[in-house]
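Listed in Swiss-Prot for this protein:
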ACT_SITE  His120  active site, proton donor/acceptor
ACT_SITE  Lys146  active site, schiff-base intermediate with substrate
BINDING   Glu29, Phe30, Arg31, Arg56, Arg187, Thr208, Gln212  3-dehydroquinate binding site
Amino acid sequence: MEFQDFLLAASTGDLGAAPAAPEHVDLVEFRMDLAADPLAALDDYDGVLPVLATNRADWEGGAAADGGDRIDALAEAARTDCVAAVDIERSALVDDDTADGAEALAAARSTDTTTVVSAHDFDGTPSLSAMADLLGEACSLGDVGKLAVTPQDRGDALDVIRVTHEYSAAGMTVATMGMGDLGRHTRAVTPLYGSKLGYAPVADGETTAPGQYAPAALQALIADLQ
């Protein structure tokens, strides 16, 4: 999957609810952890939009119990034709307690499936230097480095924009955003500073992360700012 321009993913745990045509969105983030039988859903998917498969662990804000089955399913998803990219948590690749993601990373690489290596903080915003370290490590491990944090003030939001610009200007492919009320506006602003991937719910009221805009609203905001 190419990230020459900003791409917007519609997030859902139900591939049957995925947009039938690419209006306002460019791909579907399939939250496998929210689906009853995610691999069967991928096999049955016949939509035109490529899929970003995410099987988010419960320790990173998702619903999947940690363990080999979670990673096995993500690795199998990476081998599925409709899947263009997979999301693997940074912690699943580097932290001693949770580092079981290597199988999914290897499966993605073997099939030329794009890897998004992600780091989330649902409680706050690390320091600017800490965010730079997290994002830099994520970029070094995957094709795209994703960082999502929760600003507590406008200074935190500004730091998200700063780290986005720093790594984008250095030629890295990044996906960055602030979550929650104080970070919401960054979802529209970071694409101006080089963020290449954003997220929105398939339908209003079905957000998968705090502060998401509806797809049409987010695309309109980004277009107006550009």
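Cβ from N, Cα, C; glycine included.
Across Glu29, Phe30, Arg31, Arg56, Arg187, Thr208, Gln212, which the record gives as binding 3-dehydroquinate, the greatest C-alpha separation is 20 Å.
Spacing of Gln212 (3-dehydroquinate binding site) relative to the residue listed as 'active site, schiff-base intermediate with substrate' is 16 Å (Cα to Cα, whole number). Taking the residue listed as 'active site, proton donor/acceptor' as the reference point, the recorded positions whose C-alpha atoms are within 10 Å of its C-alpha, out of Arg31, Arg56, Lys146, are Lys146. When the alpha carbons of Arg187 (3-dehydroquinate binding site) and Lys146 (active site, schiff-base intermediate with substrate) are compared, the span between them is 13 angstrom. Arg187 (3-dehydroquinate binding site) carries a helical DSSP state (H, G or I). In this structure the alpha carbons, written CA, of Arg31 (3-dehydroquinate binding site) and the residue listed as 'active site, schiff-base intermediate with substrate' are 16 Å apart. Glu29 (3-dehydroquinate binding site) sits 14 Å from Lys146 (active site, schiff-base intermediate with substrate), taking the CA atoms of both as reference points. Here the C-alpha separation of the residue listed as 'active site, schiff-base intermediate with substrate' and Phe30 (3-dehydroquinate binding site) works out to 16 Å.
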